Amino acid sequence: MESLAALYKNHIVTLQERTRDVLARFKLDALLIHSGELFNVFLDDHPYPFKVNPQFKAWVPVTQVPNCWLLVDGVNKPKLWFYLPVDYWHNVEPLPTSFWTEEVEVVALPKADGIGSQLPAARGNIGYIGPVPERALQLDIAASNINPKGVIDYLHYYRAYKTDYELACMREAQKMAVSGHRAAEEAFRSGMSEFDINLAYLTATGHRDTDVPYSNIVALNEHAAVLHYTKLDHQAPSEMRSFLLDAGAEYNGYAADLTRTWSAKSDNDYAHLVKDVNDEQLALIATMKAGVSYVDYHIQFHQRIAKLLRKHQIITDMSEEAMVENDLTGPFMPHGIGHPLGLQVHDVAGFMQDDSGTHLAAPSKYPYLRCTRVLQPRMVLTIEPGIYFIESLLAPWCEGPFSKHFNWQKIEALKPFGGIRIEDNVVIHENGVENMTRDLKLA
């Protein structure tokens, strides 16, 4: 296997090619990419946790340092001004020397406002990409060249196609997340609270709450019916019934995003439903291939949901086809089958059909689907089906002609378990699909 340094070298070659193309298309000389700045809480002197500009960390694995700048023109070696103040109040990261620094010119920037004296005098034809437009104006960058939509659309579109370096980083992120999931399951089995399970997860992955790529969803019992539950109860429930964990990790700026659901007991209706959702998720992944729209896989899983609702007698006296046609599967799986994954958890350009940013919206029947692209090699996506028992979504079905098909007694019995979600991260290849999550033996 090639070293990370060799993979990174080729990664930079790819980014340089994309940069040359986008600069030529939009008649720019270079791109100035800003890592970002710290922003203080309103009426306070404490900053919010720093989150780096994803377009910056696409080039360099510098994720925790604000006030850095990267100048790229697609021809010359990328130049990084690395913020290196004299500061005895805060930790100061040293000038980096790592596997990637041979491919980038690294220069110390001692003052946050010192970049102006470092840049070329003629800046009218430089594009700025970053979160602080007023900083770009202070640097005399033309307003029309600040986060230009066409440039960002182009860069976002090609971010869907991961380089070998990016795939290597994502596989490392998987390893960290899998370790966390194993530790969290053990904590659940030992009767810990959501708060303490989360601590076990963070310890196993080596993350802080501010370092994980998204807020961990640690949901016991009926909390699993809240799709993005992030409360973290300090008190363990008197009865453990179910545990849904949606939690990831980050490596060199690249995310993992995994979900598992466990039943406290191994032989009840809920446990059997968990097993069946898991089996159907794996069966769907086995069918995935390049050249097929992601939307098709979402629709196919609604057909699989219908099969499970019928098998478990949650919906009765109705064909699977009629369930899908009349959207009786909708309240049980109200979200999409997944989303693109990469530098961001919900990675960009899921709706883009070309590098000009042509948008194809999700089908009106499934408005929360986050991707409508045709799958191609090097794309990385999540596959995360679920079945939930959500009061607000089921209540409208209590009346009307379809109510008689719902087994309300069974549904009431399952509500205390909340729901089920199983999520793997997959890579599309020329001749198949790689399941990064299952390759690490996470059941």
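All positions are counted from 1 along the displayed chain.
Backbone N, Cα and C define each Cβ position, glycine as well.
Note that the coordinates shown come from a computational prediction; the quantities given were computed from them, not determined experimentally.
Within the same chain, the residues at least 6 positions away from D257 (Mn(2+) 2 binding site) whose Cβ sits under 8 Å from its Cβ are A177, P213, Y214, D246, G248, L341, V345, T382, E423, N425, listed in sequence order. Residues or ranges marked as Mn(2+) 2 binding site in Swiss-Prot: D246, D257, E423.
In the shown protein chains, 20 other C-beta atoms lie within 10 A of the C-beta of H339 (Mn(2+) 1 binding site). Residues annotated as Mn(2+) 1 binding site in Swiss-Prot, with sequence analysis given as evidence: D257, H339, E384, E423.
Look at D246 (Mn(2+) 2 binding site): DSSP puts it in a strand. Least crowded of the binding-site residues (D246, E384), judged by neighbouring Cβ atoms within 10 Å of its own Cβ: E384. Residues D246, L258, T259, G338, L341, V345, T382, I383, N425 surround the recorded Mn(2+) 1 site, their Cβ atoms falling within 8 Å of the Cβ centroid of D257, H339, E384, E423, which are themselves excluded. The record gives D246, D257, E423 for Mn(2+) 2. Within 8 Å of the mean position of their Cβ atoms, the other Cβ atoms in that chain belong to I217, A247, G248, L258, T259, T382, E384, R421.
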